[in-house]
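J.: This is the feature table in TrEMBL:
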BINDING   165, 166, 167  NADP(+) binding site
DOMAIN    6-120  domain 'Tetrahydrofolate dehydrogenase/cyclohydrolase catalytic'
DOMAIN    139-280  domain 'Tetrahydrofolate dehydrogenase/cyclohydrolase NAD(P)-binding'
Ligand code: GUN
């Protein structure tokens, strides 16, 4: 048996068409959504991500600014810039591209972003809101995974979802969003013994560890839905996921290819967070 290869491009295109329409409506009503992306230093991968984010904004009609700062920028200078954008009414989303140079404390920087503009959903207030199920910012990569599942026709409620990885950016918020969708959730990580025994129980398996080909056919229950969040670039330079795609696609019921699905979905959710933030800002200005 061979699994369905999830068509990320189609899903991304249909959500971006919806976002374009929302941006058009908001802009007509006088609030063009705006995103600022701040990058510090010369990390080449980050420069590519930032360019993709700006290009994606342009495609859906979101106003965007990119601020590229030298690696020598101090933490205070970066925080001063964030404070300016916290007050800037054209800007509804502030994203500080990670990683930052070593002399800057990322947590301290994120703490300074107005939670209402924290489109990454990294600020402790937004992380707390996520935990108690309050509507608001959604963590981009995990929210993208939920959209992919829903738009592939996967019924999440009552399923056993296993998340491999416990990072603050993907694993932990992923578990929280799956729980919100009424899955039974198990989180595995580097200290989990006999991981294959657990992953083989998964109806939905989400893998986000950053280890090329960690998940093999023996880790997967026949018919399971496998979502690969990994983005690894081994010595041969070819972008590859955390799942051994060729082997696992023979066992899985459905599987996401890398690259092609989760990466573009993450940016799509960033656009959606920016639009939602702009909508909340425009509604708040009507109320006062
Ligand atoms: N670096 C790699 N991915 C991300 C992301 O989603 N947000 C931010 N801020 N930095 C990143």
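Along the chain as shown, the residues are counted starting at 1.
Backbone N, Cα and C define each Cβ position, glycine as well.
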J.: Residue counts in helix (H, G, I), strand (E, B) and coil for the domain 'Tetrahydrofolate dehydrogenase/cyclohydrolase catalytic' (6-120), per DSSP?
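T.: Summed over the domain 'Tetrahydrofolate dehydrogenase/cyclohydrolase catalytic' (6-120), the classes give 60 helix, 18 strand, 37 coil.
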J.: Tally the residues of the domain 'Tetrahydrofolate dehydrogenase/cyclohydrolase NAD(P)-binding' (139-280) by DSSP class, grouping H, G and I as helix, E and B as strand, and everything else as coil.
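T.: DSSP composition of the domain 'Tetrahydrofolate dehydrogenase/cyclohydrolase NAD(P)-binding' (139-280): 53 helix, 24 strand, 65 coil.
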J.: I'd like to know the mean pLDDT over the domain 'Tetrahydrofolate dehydrogenase/cyclohydrolase catalytic' (6-120).
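T.: Taking every residue in the domain 'Tetrahydrofolate dehydrogenase/cyclohydrolase catalytic' (6-120) and averaging pLDDT yields 97.
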J.: Just name the most isolated of the binding-site residues 165, 166, 167, going by other Cβ atoms within 10 Å of its Cβ.
T.: 167
J.: Starting from the Cβ centroid of 165, 166, 167, which together make up the recorded NADP(+) site, report each further residue of the same chain whose Cβ lies within 8 Å of that point, ordered by sequence.
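T.: The surrounding set, listed in chain order, is 163, 164, 168, 170, 171, 172, 187, 189, 208, 209.
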